[in-house]
Amino acid sequence: LLQSSNSLKASYEDWLLTYGLSVSPFHMRWQTALFNRQFYNWGRWKPRFLYLWFSIGMVFGIVAMFGSVILLGKTLMQTLTQMLTEAPKAQNDRMLQVVVSVLSSGLYLRVVPGVNLPVSQLTYFFSAILISGVIHEVGHGVAAIREQVRFNGFGIFIFIVYPGAFVDLFTTHLQLISPVQQLRIFCAGVWHNFVLGVASFMGLFLLPAILFPFYYTGVGALVTEVAEDSPANGPRGLFVGDLVTNLQDCPVYSVEDWNSCLGDISEKSQVGYCVSAATLQQLSFPARVYRRLDGTVECCSNNSLTDICFSYSNNLDSHLYACLPARKVIEASKVCRTNMDCQKDLVSSFCVTPSLENQTRLIRVKHPPHIDMLYVGHPMHLQYTVSLSSFVPRQNFLSIDLPVVIETFCKYLISLSGALAVINAVPCFALDGQWILNSFLEATLSSLIVEKQNRELVGFLILLAGSALLAANVALGLWMVTAR
């Protein structure tokens, strides 16, 4: 039985070796030489151009190495300040977050799939990670071939649930070439990630022009999804395919306008609506006025779904309240802030303002040709539960989701490829930054510090500090995620 078990194990190991597979706890990898010819073709294509390309990448990699240290140091200080001054802020579930904290041009990533990354976004997330990793390793492989380093193979791996890629280079060749040549190879990965991020950003920026023959923009925000638990769900709510053109008196031409308008509505006080004195007298009915726990006033005591308490003022009394049917008051009414905004044609009118709980707003959403939606609640709840697109199909058979898919994927590529560039540039053990630093010290300090052992000691101390800085960011990043 033991001999049979050993034979089966040997056969299994031979099968894995034949197909280039390696399996261990939490880690699986596949390596192949199938793409070697293609890599060699790329590495020998236009040598002068590749020399210039990877030389620019070398400069970028060195700058990124120093910049990543400054960036992580700044992030660490900001996180510590936030921990000491206030509780961790709840973050939008749609926001990308990574276990590794990175703050780069407004990019703050703490990604934990299944915890704060929606399941619907997992495909984008893992695809962007894999593509970013492949482009990163292609950079190393092509640069190595350009510098006459033997290329053994290319592979992909899965660590726990995260995919990635790698290249196998002949180590002896790497050690024989000059430090500058090494720098071109080691910096190629972060350089390619940076280029991928820039290309994705340009694609995102030019998307309206690219899709112009099929989709037009600048006419409103197209509803692509309404969550089941959304307050906008209902017979008089929003539906997929509706085109939102206004929020209150704020025009909406795109998704950015939608978010901006909701932000303004949330920050500013509730707007009022112009109602004539005659209409006000006709629609209002006596009701008991009482104060809520937060100090606001309620005057509709019948728990009606159609009536709302409005406050207004006249020359005699500055605090009057009336329970009015919301839709009849708001329809065809002009928004206002004071009674002066409503004075015209010698008709006595008042600016009536919904008397709602703090942070609650009454929002009129225009989505013609449908009747206006009246939303009562926190503006951000509306933002989080309604998905929109700035792209409107020119033909009915065109998908309303395609531009959203492209936009979202580009954003993930920008975020994750940028994060890989920053993280790999950190002078830390086991990252590209370790080899970039060692080669940089060999290229710059060999005349100042003659003894190689002393240069290695300097490099070790810098790597130790960089590793500690990155570890501190990781630890605080995890704390910020779990403390939510």
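Cβ atoms are placed via backbone N, Cα and C, with glycine included.
These come from TrEMBL:
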DOMAIN    124-464  domain 'Peptidase M50'
TRANSMEM  50-73  transmembrane segment
TRANSMEM  124-144  transmembrane segment
TRANSMEM  151-170  transmembrane segment
TRANSMEM  190-212  transmembrane segment
TRANSMEM  412-437  transmembrane segment
TRANSMEM  457-481  transmembrane segment
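By the Cβ criterion (under 8 Å, sequence separation of 6 or more), the transmembrane segment (190-212) is in contact with the transmembrane segment (50-73), since 3+ such pairs are found. The list of residues near the transmembrane segment (50-73) in space but at least 6 beyond its ends in sequence, with Cβ under 8 angstroms from a Cβ of it, reads 43, 101-104, 139, 142-143, 146, 180, 183-188, 190-192, 194, 421-423, 425-427, 432-433, 436-437, 440, 466, 469-470, 473.
Restricting the average to the domain 'Peptidase M50' (124-464) gives a pLDDT of 91.
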